[in-house]
Every structure is written in C-alpha cells, then in structure tokens.
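Novice: After the structure tokens below, expect a handful of questions from me.
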C-alpha cells in the first residue's frame, strides 16, 4: 500500500473514532452520578451528564469536592459520557 493510501486509511480511522458515539457499555460509571455542587460556594458554570435525558446539562459547581461527573465544557462532557 502506498504512503498516500496509508494516510487516507489513518485519516478515515481517526474520523471514525471522532464520529462514533460513546455507547452505554463504554461510558464510565461516574457518568451515572447526579450533579453535585459540593459544599463550597464559588459558583463555576459546569456540565454534567444526565443519564435520564441522555445529554449533558449545565449546573453550577461550588468549586470543591463534588464528584467526577463534572466537566468544564459541554464538549468534554459529551465526548466522555454522551451516547
């Protein structure tokens, strides 16, 4: 196979990985946890995965403790948890 063919194959595999959604069996367990603001009251806009709605929603994170279902961006939440 030529180097151009290998590059095309690599590009297609990369595109497939990016466009293939996370299945529920591949989803980390912490994606099932409820949003947890934690005890602090700083107030950072954050995102969490809501398994009932099957999407990432915004919530206000207090700035400490909480749980792992807490993302700075919606995109990070979706790439980690969304199906």
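Note: Cβ is positioned from N, Cα and C throughout, glycine not excepted.
According to Swiss-Prot, the feature disulfide bond maps to 31-81, 40-64, 56-77. The annotation domain 'BPTI/Kunitz inhibitor' is assigned in Swiss-Prot to 31-81. Taken from Swiss-Prot, the feature signal peptide applies to 1-24, supported by sequence analysis.
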Novice: Any idea what the model's mean pLDDT is for the domain 'BPTI/Kunitz inhibitor' (31-81)?
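Specialist: A mean pLDDT of 97 is what the predicted model shows over the domain 'BPTI/Kunitz inhibitor' (31-81).
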Novice: Among the disulfide-bonded residues 40, 64, 81, report those whose Cα falls within 10 Å of that of residue 56 (disulfide bond); none is a fine answer.
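Specialist: Neighbours among disulfide-bonded residues, in sequence order: 81.
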Novice: Are there disulfide-bonded residues among 31, 40, 64 that sit within 10 Å of residue 77 (disulfide bond), Cα to Cα? If so, list them; otherwise say none.
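Specialist: Checking each Cα against residue 77 (disulfide bond), the hits are 31.
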Novice: Around residue 40 (disulfide bond), how many other C-beta atoms are within 10 angstroms of its C-beta?
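Specialist: Result for residue 40 (disulfide bond): 13 neighbouring Cβ atoms inside 10 Å.
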Novice: Please list, in sequence order, the residues in the chain of residue 31 (disulfide bond) that are at least six apart in sequence and whose C-beta is under 8 Å away from its C-beta.
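Specialist: Listed in sequence order: 49, 51, 69, 80, 81.
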Novice: Ranked by the number of other Cβ atoms within 10 Å of their own Cβ, which of the disulfide-bonded residues 64, 81 ranks first?
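Specialist: The largest 10 Å Cβ neighbour count belongs to 81.
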